[in-house]
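Q: Here you go, one structure.
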Amino acid sequence: MFLETLIVSPIVFLRVVVIVIISISLHEIAHGLVALSQGDDTPCKQGHITLNPLVHMGWESLIFLCVAGIAWGKMPINASNFRSQRLGNILVSTAGPLCNLVLAFLCMGLLKLLADSTYAEFFSFQFFYMSAHINLMLFLFNLLPIPPLDSFYIFSEIFPILKPLQYTYFGLFALMMLFLIPEFGDGLSAIAVFILQTVS
């Protein structure tokens, strides 16, 4: 259980919690901003264009993050307001994972600067490395075409036959199965580390 990390390594626990909260909040804001650009003002009307993580994640997600290390976010969007519903859905769905990928590369860039600096502090280096790692994992996770993950909505616009799946328990069941497999998280982490090592 992730909560045990608080006892074993409080600093790691705090780093992970802070990084995940920031990353998910920015992920959701990216969805909202692109939705606005496509003609949907629902994110603004419902007060979701904000940096307040409680708005994006809610207490349930924040508590679940601290206990189990799993969290989620939500951005209210009305696709019927998009100028082009198909294109709008694809762009909005792409924005979240792309935000995590950009954050990962920004952190990798900061890591390079810290590595070349004689004033680099261990905490800063570890924080940005962990930020890059977690954001890469979030990016990779959202590439899975399973509802309600972002890639599903991209694929369902390209292949409309998939759309009915979002109204079933398929996605929930599939995600539960994945989270019960330890190798799943280890695999995502290994791919993220490989990308970090390759780019670095």
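The backbone N, Cα and C atoms fix where each Cβ goes, glycine too.
The following feature annotations were taken from TrEMBL:
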- 12-34: transmembrane segment (TRANSMEM)
- 54-75: transmembrane segment (TRANSMEM)
- 87-115: transmembrane segment (TRANSMEM)
- 127-146: transmembrane segment (TRANSMEM)
- 167-196: transmembrane segment (TRANSMEM)
Q: Please work out which recorded stretch in 12-34, 87-115, 127-146, 167-196 has the most C-beta pairs separated by under 8 angstroms from the transmembrane segment (54-75)?
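A: Between the stretches 12-34, 87-115, 127-146, 167-196, 12-34 has the largest tally.
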Q: Any chance the transmembrane segment (12-34) and the transmembrane segment (167-196) have 3 or more Cβ pairs under 8 A, given the pairs are 6 or more apart in sequence?
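A: The answer is no, given that the two segments have fewer than 3 Cβ pairs within the 8 Å cut-off.
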Q: Looking only at residues six or more beyond either end of the transmembrane segment (167-196), which have a C-beta under 8 A from one in the stretch?
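A: Long-range Cβ neighbours of the transmembrane segment (167-196): 70, 104, 108, 129, 132-133, 136-137, 140-141, 144, 146-149, 152.
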